[in-house]
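Below: one structure, written as structure tokens.
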Amino acid sequence: MGRLEVLFLGLTCCLAAACAAKLGAVYTEGGFVEGVNKKLSLLGGDSVDIFKGIPFATAKTLENPQRHPGWQGTLKATNFKKRCLQATITQDNTYGQEDCLYLNIWVPQGRKQVSHNLPVMVWIYGGAFLMGSGQGANFLKNYLYDGEEIATRGNVIVVTFNYRVGPLGFLSTGDANLPGNFGLRDQHMAIAWVKRNIAAFGGDPDNITIFGESAGAASVSLQTLSPYNKGLIRRAISQSGMALSPWAIQKNPLFWAKTIAKKVGCPTEDTGKMAACLKITDPRALTLAYKLPVKKQEYPVVHYLAFIPVIDGDFIPDDPINLYNNTADIDYIAGINNMDGHLFATIDVPAVDKTKQTVTEEDFYRLVSGHTVAKGLKGAQATFDIYTESWAQDPSQENMKKTVVAFETDVLFLIPTEIALAQHKAHAKSAKTYSYLFSHPSRMPIYPKWMGADHADDLQYVFGKPFATPLGYRPQDRAVSKAMIAYWTNFARSGDPNMGNSPVPTHWYPYTLENGNYLDITKTITSASMKEHLREKFLKFWAVTFEVLPTVTGDQDTLTPPEDDSEVAPDPPSDDSQVVPVPPTDDSVEAQMPATIGF
């Protein structure tokens, strides 16, 4: 290389370095923080400022979080912090720590000046309220919830954070002694911190979108319904989960609190004494005192999700169905994956994924019965009949297995999402409502050929993995990812997924009560991807036919839990006798029927 070329290259690099904007140290309510500035090309230019591990709150065991007191000097925010204490996948050990309430920020930067007034997207992770972290799963330091691709492609600020999970996040006695919802309050504290501090990072505190998947999606829904977040949230996106999901609210927290108390040696007759004892118990012992059964359980696995949000009369003041007035001015996108129920079906009916094993009518009826306990034998039979109508014409194992997956998808995700969309639309003032179905098939080679999009399959596309790790993906995967990032970030910017900095493949029309408009997201998105009346027949069955069946009260119509086995997780209660009463209401605020959905 000649001397002139070397001089030119050196000058180019110097100019790039000089022109590249970066934040440096940022002053927050807790003190100064300094992250790292990552260049997006060798010659400089665009970059992203990354801050990892900023504390936003502190919390004692089984108590509400408090604002972080701050620090001296400049905090070097360059590494992710450990996740909140939780059980390992094998449920025989723990990892993480109690000191875990930290957040991470990605800020895209241009060439000449630091970003200003950018939309802010705050991510809430899923994991059954039992596991997870703000950075997500890690493979060779490639973290699932790395916000770089969303931030730089959509020109938005991305924030992720940790919140408490499992017993430490959601254990409740159902009264004031241990009200629960500690994990939800952690989430609220993170959102409130962003509201107070994000302007210093170049964000618009009046344009915050919260988004999440699964338990994170239900959390997003609950945060929009909680009066604590009034004025904090402008928009929301729920991917495969809502506050109305049957696994999102624990109606019998005392049952599970007593179960934990017995295992760790705390009293169970007096909730005050129980709470005092649990608060001084080794947090790891509390965490390991609960195990989610994933084999040979009597009921569908979601019935064993013990430590989840509760109606506490405060943060969640009432049944979520009664709180949709609180979302009247919050724009909303909600949707599901077309085979979201597959993950749960493989636990409840293991033969679904086994090519050499068959699913029987008895298998499916047992599954249906487990999900329709409240309506007794009539509910189980009516549900079984409508879902097996196609079996007479096509009794193949493929059809039967797809029926199992479709049923779990409907019960756990589609029906609650459709009802929530209708509630949001019916109560909207300025708010806009959008619906989608993610149908891009799973890339897992071990799955059957008929498999669609499993639970959580959408995450890799929303977080831009086909671009971050291109060797593992096809061009069609990058097309899906590009479209999702464009729709999501446009929505965060304007409240309309079609309007923003990023072009989209087709116009996404809003949801209506009459037509139930939704965007079908797959490898080719065209005008034909806008569809109506998703699974109308089954939605009508659940919202009308099933709903009007009498709720059983007699033992003859309920499933009887098997005898207790100390080696396995306890069986969920089968009736309402132990359910914690809903806070008293008057006639003006009694439980509402869902908004009418057009059929």
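If you go along the chain as it appears here, the first residue is 1 and each next one adds 1.
In case you wondered, yes, glycine gets a Cβ from its N, Cα and C as well.
Residues or ranges marked as signal peptide in Swiss-Prot (evidence: similarity to another entry): 1-20.
What Swiss-Prot records for C84-C100 (among others) is disulfide bond, and it gives similarity to another entry as the kind of evidence. C84 (disulfide bond) falls within a strand when secondary structure is assigned with DSSP. The Cβ of C84 (disulfide bond) lies under 8 Å from the Cβ of G96, Q97, E98, C100, L101, S133, N162, Y163, R164, V165, L168, G169, each of which sits 6+ residues away along the same chain.
Look at N207 (N-linked glycosylation site): DSSP puts it in a strand. Sequence annotations record features per position, and here Swiss-Prot assigns N-linked glycosylation site to N207 (among others) based on sequence analysis.
DSSP classifies C266 (disulfide bond) as coil under the three-state reduction. Close to C266 (disulfide bond) in the fold, though at least 6 residues off in sequence, lie I260, K273, M274, C277, L278, T281, each with a CB less than 8 Å from its CB. For C266-C277 (among others), the entry in Swiss-Prot reads disulfide bond, with the evidence type similarity to another entry.
The annotation N-linked glycosylation site is assigned in Swiss-Prot to N325 (among others) on the grounds of sequence analysis. In three-state terms derived from DSSP, N325 (N-linked glycosylation site) belongs to a helical segment.
Around the Cβ of D340 (active site, charge relay system), 31 further Cβ atoms fall within 10 Å across all displayed protein chains. Taken residue by residue with DSSP, D340 (active site, charge relay system) is part of neither helix nor strand, so it is coil. Residues or ranges marked as active site, charge relay system by Swiss-Prot on the basis of similarity to another entry: D340 (among others).
Of all Cβ atoms in the shown protein chains, 25 besides its own fall within 10 Å of the Cβ of H455 (active site, charge relay system). The DSSP secondary structure for H455 (active site, charge relay system) is coil. Under the heading active site, charge relay system, Swiss-Prot lists H455 (among others), citing similarity to another entry as support.
Taken from Swiss-Prot, the feature region 'Disordered' covers 553-599.
A mean pLDDT of 38 is what the model gives for the repeat '1' (559-569). Feature annotation from Swiss-Prot assigns repeat '1' to 559-569.
Look at Swiss-Prot and you will find 559-588 tagged as region '4 X 11 AA tandem repeats, O-glycosylated region'.
Under the heading repeat '2', Swiss-Prot lists 570-580.
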- Candidate nearest N207 (N-linked glycosylation site) in space, where candidates are the recorded positions N325, D340, H455 and distance is Cα-Cα: N325
- Query: When neighbour density is defined as the number of other C-beta atoms within 10 angstroms of a residue's C-beta, which of the glycosylation sites N207, N325 has the lowest density?
  - Reply: N325
- H455 (active site, charge relay system) versus D340 (active site, charge relay system) - Cα distance in angstrom: 4
- Given H455 (active site, charge relay system) and N325 (N-linked glycosylation site), what distance in Å do their CA atoms have, once rounded to a whole number? 29
- Query: When you tally the Cβ atoms that lie within 10 Å of each candidate's Cβ, which of the disulfide-bonded residues (C100, C277) has the highest tally?
  - Reply: C100
